[in-house]
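Residues annotated as active site, acyl-thioester intermediate in Swiss-Prot, with similarity to another entry given as evidence: Cys90. According to Swiss-Prot, the active site, proton acceptor annotation covers His356, Cys386, on the basis of sequence analysis.
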Amino acid sequence: MRDVFICDAIRTPIGRFGGALAGVRADDLAAVPLKALIEPNPAVQWDQVDEVFFGCANQAGEDNRNVARMALLLAGLPESIPGVTLNRLCASGMDAIGTAFRAIASGEMELAIAGGVESMSRAPFVMGKAESGYSRNMKLEDTTIGWRFINPLMKSQYGVDSMPETADNVADDYQVSRADQDAFALRSQQKAAAAQAAGFFAEEIVPVRIAHKKGETIVERDEHLRPETTLEALTKLKPVNGPDKTVTAGNASGVNDGAAALILASAEAVKKHGLTPRARVLGMASGGVAPRVMGIGPVPAVRKLTERLGVAVSDFDVIELNEAFASQGLAVLRELGVADDAPQVNPNGGAIALGHPLGMSGARLVLTALHQLEKSGGRKGLATMCVGVGQGLALAIERV
């Protein structure tokens, strides 16, 4: 297996649901970070990019018909570059990076772009076809998040718990208290607010320019953060699934919009295209768990990856764990033997504060882990996340 390097990485700001990026189509949004990779890398012969891999979880609206291909064309990349859209739900963007890594490591490719996009604000309502000409049981499905067009066999065999219900299942099964969840959520908000104030995220963000009748709006900051959050305010929120449960809007991730893109290259491509390697991709691994506790999915994925690499979780200087819910984040950390407030975990906050645009988030985790390693001087970084329907994904990098 050959070395594979991440040579550049950029993302858009993360928009709040119905917020600043709500007017931007998913394909246009995906084109923003792709286009932003071109100017800083003038020596790259772009027509020699082997593939653009892009993750996207929905694909029911404007992100249909292979958004990766449409976005690369909209970004002005050569028509000769093929593009493919991957869907591993929440981990789609990370899977795109891992897929590019494997193709280059095997020798099949030399140069690729990988990333992800999601516009949850613009997720459409959809309706299936009638089973008869006079059917009256038509159902309109909201594609923003969660189940749709449920298979009766899936429901009877595994259940079709909503995402908040799976988070409460994890809280119950792994004994994660409401107090611990709220404290975890508060730390996420505080760390993200501090990082934003210090300009940490500005270095990984490309502004999104939105034209309108009165001129132009420039979106350049993540807008989901709530720096005014207090523990008192979090404790007052009502549980989503009933009074005896613990998951709330405050200790869960957001519904958001965003896109990210990274350049991956072999050692030969680095030299040929004048690229600067920033990190080496060490590997990626996935794991499966019961769908009702999908949030614990990172545990088998991380264990598989660390065993394969011959390292321990404690060897990672940065761990970017997607905060789908505080309950699952805490359960994962405890199962992996990591302290609730370990300084190497999400040092700049996580999805509870920053938001969780599904197809983008996995790429954002890898990008932010790389950025933090460069800032801190650390060597190894781990990005991991749970996945709907009971999966986990983990990817490791090493700064060079």
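Start at 1 and count along the chain as shown; that gives each residue its number.
Every residue gets a Cβ built from N, Cα and C, even glycine.
Quantities reported herein were computed from a predicted structural model and do not represent experimental measurements.
Taking a C-beta cut-off of under 8 angstroms and a sequence separation of 6 or more, His356 (active site, proton acceptor) has the following same-chain neighbours: Cys90, Ser253, Gly254, Val255, Asn256, Asn322, Glu323, Ala324.
DSSP assigns His356 (active site, proton acceptor) to coil, not to a helix or a strand.
The Cβ neighbour count for Cys386 (active site, proton acceptor), using a 10 Å radius over every protein chain in view, is 34.
All protein chains shown were included, and the count of other CB atoms within 10 Å of the CB of Cys90 (active site, acyl-thioester intermediate) stands at 33.
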